[in-house]
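K.L.:
Before we start, here is the structure in question, set down as structure tokens.
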Amino acid sequence: ADVPGNYPLDTRGYSYYCTILGENEFCKKICKVHGVSYGYCYNSGCWCEYLEAKDVSVWNAAKNYCKNPVGK
């Protein structure tokens, strides 16, 4: 079964480049920043399972998940 997800985007609007395909600690950390618990490297970019469109941009994810009130 295909799991839904998205490629998250960094502060410049680019996907996160990765070189170690599959299980990838860097991508897992990135996906956590974007509010989901799991991701991996697919096709040279971090892919996050269950990442919703509203959290694809790191700016949106930060607004949605960071507890720091600055900028709200």
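Cβ coordinates are placed from backbone N, Cα and C, and glycine is handled just like the others.
Quick paste of what Swiss-Prot says about this protein:
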{"type": "DISULFID", "residues": "Cys18-Cys41", "note": "disulfide bond"}
{"type": "DISULFID", "residues": "Cys27-Cys46", "note": "disulfide bond"}
{"type": "DISULFID", "residues": "Cys31-Cys48", "note": "disulfide bond"}
{"type": "DOMAIN", "residues": "4-67", "note": "domain 'LCN-type CS-alpha/beta'"}
K.L.:
Determine, to the nearest whole angstrom, how far the Cα atom of Cys31 (disulfide bond) is from the Cα atom of Cys46 (disulfide bond).
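P.N.:
That comes out at 8 Å between the alpha carbons.
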K.L.:
List, in sequence order, those disulfide-bonded residues among Cys18, Cys27, Cys41 whose Cα sits within 10 Å of the Cα of Cys48 (disulfide bond).
P.N.:
Cys27, Cys41
K.L.:
Among all protein chains shown, how many Cβ atoms are found within 10 Å of the Cβ of Cys41 (disulfide bond), not counting that one?
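P.N.:
Step by step: centre on the Cβ of Cys41 (disulfide bond), count other Cβ atoms within 10 Å, giving 22.
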K.L.:
Going by a 10 angstroms cut-off between Cβ atoms, which of the disulfide-bonded residues Cys18, Cys46, Cys48 has the sparsest surroundings?
P.N.:
Cys18
K.L.:
My understanding is the cutoff is Cβ-Cβ under 8 Å with a sequence separation of 6 or more in the same chain; which residues meet that for Cys27 (disulfide bond)?
P.N.:
Tyr16, Cys18, Gly39, Tyr40, Cys41, Cys46, Trp47, Cys48
